[in-house]
Amino acid sequence: MKIINIGVLAHVDAGKTTLTESLLYNSGAITELGSVDKGTTRTDNTLLERQRGITIQTGITSFQWENTKVNIIDTPGHMDFLAEVYRSLSVLDGAILLISAKDGVQAQTRILFHALRKMGIPTIFFINKIDQNGIDLSTVYQDIKEKLSAEIVIKQKVELYPNVCVTNFTESEQWDTVIEGNDDLLEKYMSGKSLEALELEQEESIRFQNCSLFPLYHGSAKSNIGIDNLIEVITNKFYSSTHRGPSELCGNVFKIEYTKKRQRLAYIRLYSGVLHLRDSVRVSEKEKIKVTEMYTSINGELCKIDRAYSGEIVILQNEFLKLNSVLGDTKLLPQRKKIENPHPLLQTTVEPSKPEQREMLLDALLEISDSDPLLRYYVDSTTHEIILSFLGKVQMEVISALLQEKYHVEIEITEPTVIYMERPLKNAEYTIHIEVPPNPFWASIGLSVSPLPLGSGMQYESSVSLGYLNQSFQNAVMEGIRYGCEQGLYGWNVTDCKICFKYGLYYSPVSTPADFRMLAPIVLEQVLKKAGTELLEPYLSFKIYAPQEYLSRAYNDAPKYCANIVDTQLKNNEVILSGEIPARCIQEYRSDLTFFTNGRSVCLTELKGYHVTTGEPVCQPRRPNSRIDKVRYMFNKIT
């Protein structure tokens, strides 16, 4: 059986959940359509997702049509859940991008299409709600060409009056875009030679698979118009990115989820081989796990299975699998474009509204952060505050609501601050000698530090001979330095510098690697005190798409948000602005942009790097370490 994995993506109220229900119903997977209002749909059925109108976590359902099984991966659509978006897109064989015939291309549609193009996912456009009053499809087509891609192939003829009717094109007009994109076909066409349907279909298929052509279909999920045809398109146009025939097992973990009973589930896309119940499987070329229970989606329901084939999405109950873990042979993973996860840029302090719920809050955060790598937290052991780092405002709002709905914990949140970094100001060296108070460790370490250009990261080298100090001691020094770099003089991560291990002394047999591991961060702190450090703040590159009338306001507002506009383009009645902005200003800039353009703008951002800050340094409390803090205090007292 052919197995394909698709995503249905859309802006709010475009009808994504209704379309998914219609696909399940028309294929016979379910016998009754679910209701969004009643929360009986197979996807987006939590109270939180219904209230916000957005998908928050990846969900899975499925249907079977003839000899093809289709897994539908329900994908989040908000920028604050970008890591979840890219993880779920990475397992797709194709996507349906839903566009409301009444609303046209919205800001969120463009963000989703940007992600699909970036990941190289073959995509079909589906114009939904064509049965609503006042629809002008020519305007929607133009909107798509201007804001998404001009390389579309309209596959159907639509009559809106007196009754809505959708029929597939049979004449040659649909092939214009295909012919224009191929020099050989265009030359044949211009010379009057006939073009075979087969060669046109092959060219369309090639360009569709490499994401340079986008077929466009129509319908109404609510009124069941065009759904049967869409099912045929899904099963015929999308190919599975799996290894056929006998091969080694290969699968990738793309989602971690906790059930209401606190069971930990790992979602895995299989790319090759067969996974059997009770198999012992190697994970990321290291330890092995035993498959004790295995589930998959069958006609919209999760069912226990005893084997799963290449292409399938399986769910294992397991305490040890992590996001992006690879089961089996890592070399068999598809070479899809790798997208780096965005870094959390903000942090805040959280506490339960009811102090007696502190342990419940910590348990909940442990589960949520296990599922979402963009949420991190730690407990300050001096102040006992819970420090949470995250990506954006909506993500924090959703986490707060999730804690209340699923875990029954209400929280208080302080005003978020940006996560800074530190860089040494100048070259410096420092050595702490063995048996010289207050050093209690059986180790001598000498370090030097040198600043590097912005964006260089932390570089480490050792000039101490392995012939004198063996690898286990050398590794311990490097581990201690990495730990020390997590907190500079102002409490932030240290970067953009070169640290050299220049001198080491040990006493045999009393010295151990632990002595060197404990002493290294203390020496590092002292050498940083000699060098001094400066604060770096995160900057984002941005690209704004807005109506042309916003151009003058954009330039006038830029200084208010410390934004620097470096490029301006005018295209299709839009202004496209590119530049950079401090991360601390982007939330307000994006909100004001949405307000002044009445929601007709899009702001895409990526981390550009870190720039030196001005003004008073921003400090954060150090995370204490009971094993070395007393020694740190003694050295700080004498230096």
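Placed from the backbone N, Cα and C atoms, the Cβ positions cover glycine too.
Annotated features in Swiss-Prot:
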DOMAIN    1-242  domain 'tr-type G'
BINDING   10-17, 74-78, 128-131  GTP binding site
On average, residues of the domain 'tr-type G' (1-242) score a pLDDT of 84
Which of ALA10, ILE130 has the fewest nearby Cβ atoms, counting only those within 10 Å, among these binding-site residues?
ILE130
Across all the protein chains here, work out how many other Cβ atoms are within 10 Å of the Cβ of ASP13 (GTP binding site).
12
Cβ atoms near LYS16 (GTP binding site) (within 10 Å, other residues, all chains):
28
Give the helix, strand or coil assignment DSSP yields for ASP13 (GTP binding site).
coil
